[in-house]
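The block underneath contains the structure these notes are about, expressed in structure tokens.
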Amino acid sequence: MEKKKVVLAYSGGLDTSVAIKWLQEKNYDIIALCLDLGEGKDLAFVKEKALSVGAIKSYMIDVQEEFANEYALMAMQAHTLYEGKYPLVSALSRPLIAKKLVEIAEQEGATAVAHGCTGKGNDQVRFEVSIQALNPYLEVIAPVREWKWSREEEIAYAKENDVPIPINLDSPFSIDQNLWGRSNECGILEDPWAAPPEDAYEMTLALEDTPNKPEFVEIGFEAGVPTTLNGTAYPLSELIKTLNALAGKHGVGRIDHVENRLVGIKSREVYECPAAMTLITAHKELEDLTLVKEVAHFKPMIEQKITELIYNGLWFSPLKQALHAFLQETQKNVTGMVRVKLFKGHAIVEGRKSEYSLYDEKLATYTAQDEFNHDAAVGFISLFGLPTKVYSQVNQKKVEA
């Protein structure tokens, strides 16, 4: 019987390594796919490990710039903070991984793709909905969800099948990282009352260890895209990396969040997103300077929906594409410079300027240079309040002073 091909999203960890052997037993030839999303792994080692475990082919693709420009950028422009806190670190990478899985599957003539998600997390939904949107004819296999083994049973299977056991397997934490940040769950973090231990963090310093003097960074934007740091131009992926180091040194971007998962449970996770939180803060301030009132007040409603769609795995949905078109239209004049103070866990905007600034000092000032037409206020108030006045007159309402 001829073997079928499956493309596996491969991380190099125990789950996806065991999945290679498990899929072989199901009569599949496995093609491993590992993406460089800026997590800092030794991906050359991961690529070779997949082959040593049993994959017939192994891909390692650097997608950092694509991730930055096509995924993280939209999240920044939409100020995506799920439940007001989480910048969608993992949720942003899943549609890109799904996209590459489908591309390699079509390229290799595979009939299926596979991922290493469990049956109780959000990522299984994000992967599978995205894959269905991109190629509804591919079979999707979720080995970890199907085998339902305990950790001990999985380790025993690995030993029986000569699958290398990672040296950090005794770590209590489950970590996911990319350019946009780092997420951490499990272990002591499963107790929402317990303070996160310092070894749960990697990208940021504890406040007591941060510098006692602030650091200032000037971020330049062109049409909503961050392009410079302190006058130096960077590709977006490098700008994010550089800002992660700068802001992380000052403890910016630590987030402790009990969130409502898509699958109906609550989970407690710790995030580190120094660049993401700094850029979102700076970008919002530049929008405040350059967007007209009606757009500035309407945009948060669109942002909320975009955030929900991304979190829920609907990146490739028609609604998300339509809302993205609106978002892009709002960014045309979001060009300028924002000065941010990094200090003791805070990214504080202290200045902003733009050639498209709608702030007119001569209209805003209370000095002798004031050019605002105060006489116009009387007529404006009369017309603006007219519906309320008429309603009160008709209904014989009396307003007590």
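Just so it is clear, glycine is given a Cβ too, placed from its N, Cα and C backbone atoms.
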Identity of the L-citrulline-site residue among Tyr71, Tyr86, Tyr234 (reference: Asn122, Arg126, Ser174, Ser183, Glu259, Tyr271, source: Swiss-Prot): Tyr86
Residue in Gly116, Gly119, Gly121 which Swiss-Prot records at the ATP site where Ala9, Tyr10, Ser11, Gly12, Gly13, Leu14, Asp15, Thr16, Ser17 also bind: Gly116
Spatially closest candidate among Gly13, Thr118, Asp123, the listed binding-site residues, to Tyr271 (L-citrulline binding site) (Cα to Cα): Asp123
Cα-proximity to Asp123 (L-aspartate binding site), 10 Å cut-off, over binding-site residues Ala9, Ser11, Gly13, Ser17, Ser174, Glu259: none
Between Ser183 (L-citrulline binding site) and Ser11 (ATP binding site), the C-alpha gap once rounded to whole angstrom: 15
Neighbours of Thr118, Asn122, Asp123 excl. site residues, C-beta within 8 Å of centre, L-aspartate: Cys117, Lys120, Gly121, Gln124, Val125, Arg126, Val263
